[in-house]
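Student: Pasting the feature list from TrEMBL:
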type	residues	note
BINDING	Y49, D134, V135, D136	UDP-N-acetyl-alpha-D-galactosamine binding site
BINDING	D134, D136	Mn(2+) binding site
ACT_SITE	E226	active site, nucleophile
Amino acid sequence: MGPDGKGIPLSPWLAPIVWEGTFDPTLIDSIYKQQNLTIATTVFALGKYIRFLKDFLESAEQNYFVGFHVHYYIFTDEPEQVPAVELGEDHHLTVIKVPSSNRWQEISLSRMRRLEELIESQLVNEADYVFSLDVDTKFYGHWGVETLGRLVGALHPWFYSSPREQFTYERRPESQAFIPYSEGDYYFIGAVIGGLVKDVYQLAKTCREQLEIDASKSIEAVWQEESHLNKYFLYNKPSKLLSPEYLWDDKKSKPEEIKIVRFSQILKNYAEIRPNP
């Protein structure tokens, strides 16, 4: 945030930060329409998290890249529970069965590997951009091509106005995700990752490799893949940042600087939906 209480539109490395009022949706849609793009979108709906998929998909169909080619890839251990949701023109859905786990941390840790494998096997030839989005979320407003970029991260709704000393980076030097208190630009949330397929592939591959090194030493970063994502973004700067409009949290009241909530994490009882504390 700037001293005037408004969202700053550029990062220190001059990457745009997307806020309401920083783009013309009609103009930018008309430009991107000519490119015939396909946006792949991965969603992990494992265990009890499958219950959030219907709201996610139905709200996405009202707000998410409407009028563009979208292909959802749903990772789930219960494919028979995937809801039948009417998809818009040029929107498609593929269900991929994967095993779940009795630890939510392991489910979280496996996402980078599965994203890497999907890009290698399919997306490299089928999509231009890819987003990985959390399923326990809902769309409330327009999310379109203004979010596209080479490598895209979303500012965490709880830390976007906090000093970096308060960021919950991994602080143990023995972890590959380690970031000292003297470093860091922003705290990025793991619920939204996006960009060109080849750039997201490199991100997922690097994070997966770092996660495996940690695992070989019996180390688990404080926020699993999110910790490794922040380490990656520290040295591989995102080319576009999404303001907290693009990932809010229903637990937080909307402050004045947030003009619109486009996408938000919904209220839930973690103790009830997660397989372990």
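Count begins at 1; order follows the chain as displayed.
Cβ coordinates are placed from backbone N, Cα and C, and glycine is handled just like the others.
Remember, predicted model here, so these are calculated numbers, not experimental data.
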Student: Using a 10 Å cut-off on Cβ-Cβ distances across all protein chains shown, tell me which of the recorded positions (D134, D136, E226) has the largest neighbour count.
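Tutor: Going through D134, D136, E226 one by one, the largest Cβ count within 10 Å is at E226.
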Student: Under 8 Å between C-beta atoms and at least six apart in sequence, can you list the same-chain neighbours of V135 (UDP-N-acetyl-alpha-D-galactosamine binding site), or say none if there are none?
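Tutor: The answer is V43, F44, A45, Y49, I50, F52, L53, F56.
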Student: Can you tell me how spread out the UDP-N-acetyl-alpha-D-galactosamine site is, meaning the largest CA to CA distance among Y49, D134, V135, D136, in Å?
Tutor: 10
Student: Excluding Y49, D134, V135, D136 themselves, which residues in that chain have a Cβ inside 8 Å of the centre of the Cβ atoms defining the UDP-N-acetyl-alpha-D-galactosamine site?
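Tutor: Surrounding the site, in chain order, are V43, F44, A45, F52, L53, F56, T137.
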Student: Could you tally the C-beta atoms, other than its own, that fall within 10 angstroms of the C-beta of Y49 (UDP-N-acetyl-alpha-D-galactosamine binding site)?
Tutor: 23
